[in-house]
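Asker: My questions will all concern the structure given below.
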Amino acid sequence: MITLKEALKLSQEEIQNLKKELNERAKKESKLGAYIEQFLGRDLSQSCEGIPIAIKDNISVKGWELTCASKILQGYIAPYDATAIVNLKKNGFAPYGRTNMDEFAMGSSTATSYYGKTLNPLNLNKVPGGSSGGSAAAVASGLALASLGSDTGGSVRQPAAFCGCVGFKPSYGRVSRYGLASYSSSLDQIGVLTQNVEDAAILYDAIAGYDKMDSTSANIEFIKTAPNLNADKKLKIAVIENYINDASEEVKKALLKTIDMLKSHGHEIIYKQMLDCKYDIAAYYIIATAEASANLSRYDGVRYGRRSENIENLKDMYINTRSEGFGEEVKRRILLGTFVLSSGYYDAYYIKAQKARAFIKAKYEEILKDCDLIFMPVTPTTAFDFNAKKSPMEVYLEDIYTISLNLAGLGGISVPVGKDKDGLNISAQLVCKAFEEQTLLDGALSLEKIINRGNK
Ligand code: GLN
């Protein structure tokens, strides 16, 4: 598939042909389930002229269905464009196709979608990761040039690592959340999934910047990164030693080899320890579920999407609409979130989790004082089999290396660095100081070049 950079040189007619080709391919590859349209036997949704970008089904595109892959939102049509979409359109891009996801972005395998599973293009028996599994699978299989996803605890970086593309989550506040269906508002961030680092910079530049429609948007200067990319900068990179050591043997081996390559290309490597990931998991699943329980209270059968037909009174309407409309994982999280916010437990859980969050953030800031970037795994293993994870807890543990960045509000990118013995992708994660995306992308480009050179 041509890259975004190459696509920027195409004529409108060539772009139209490209869209047709993508649509045909998506139809042929319907079993992949990367796009929601593939489950419905429809053409890929489109709204205007421009270079086609696949859009996760939780980002509003005016006139398109927006369902967060949930039954409860069936039939809901977005009445406005998310700011990220407005910005895309201004920059010559156009939303094209709705990508599949875990219901309400809760999950790590895109297996909780109401429409069905997305498969990993590298091995159809493996999960593509999640929750932006459709966005990752579409890019990795040549069914999209690039896509938008959302990352609350790793949902851009982890599926990118499982499918073998680049996944970039900017710092919290860099990309407006206006028009992104809220999961956990203090953690959610729109990110990009692309074929390479330069495309990640190009697409990020198109969507980022201050937006008065989002009160958490960062009102600071934004300078475009793609024109200033520099892979030759020598950086000081802190390796999180305990994370590398705790990863699976194959992931560890690939990352250690990558560290040697970074060193021999002139980057300075230092070693640091980070807090035990168990604190990240505990804090994240309290804060994320607490905010989700509040955010999802709006789906009441009145304002959005689907209403139960089995109603005798107002209370029935709420209960039956929500019982029928939400899947099991979403219900589990609403219950957990409601519990940790209830009086008597609020201090014990929610306040404690907020303290842990502040502590994790401080620890990252301390490490980042000594270096330009942090280097660590994206995931402890490569993509796993469908049904490999028995309990919800086992799935939650897939996020051990990604969620802390959301808790700390930092930017992170996952870049492919190798393969395991079964040909599944292994990626490394680079992390930057808040709002230093230029350094992050410079480092990621350097890493990508080193790996490509090594593979030749
Ligand atoms: N897997 C994590 C969760 O289920 C993260 C999801 C995300 O980033 N949206 O909450």
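Don't overthink the numbers, they just go from 1 along the chain as shown.
Quick reminder: no glycine exception, Cβ is built from N, Cα and C everywhere.
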Asker: Among the residue ranges 1-32, 129-160, I'd like the one that TrEMBL describes as coiled coil.
Answerer: 1-32
Asker: Can you name the residues of this chain that are 6 or more positions from Ser131 (active site, charge relay system) yet have a C-beta less than 8 Å from its C-beta?
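Answerer: Spatial neighbours, sequence-distant, of Ser131 (active site, charge relay system): Met101, Asp102, Ala105, Met106, Gly107, Ser108, Thr110, Gly149, Ser150, Thr152, Ser155, Pro159.
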Asker: Identify which of the following active-site residues, namely Lys56, Ser131, Ser155, place a Cβ less than 6 Å away from any atom of ligand 1, and list them by sequence position.
Answerer: Ser131, Ser155
Asker: Near the Cβ of Lys56 (active site, charge relay system), how many other Cβ atoms are there if near means within 10 Å?
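Answerer: Here the count is 31.
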Asker: Helix, strand or coil by DSSP: which one applies to Lys56 (active site, charge relay system)?
Answerer: strand
Asker: For Ser155 (active site, acyl-ester intermediate), just count the other CB atoms lying within 10 A of its CB, please.
Answerer: 36
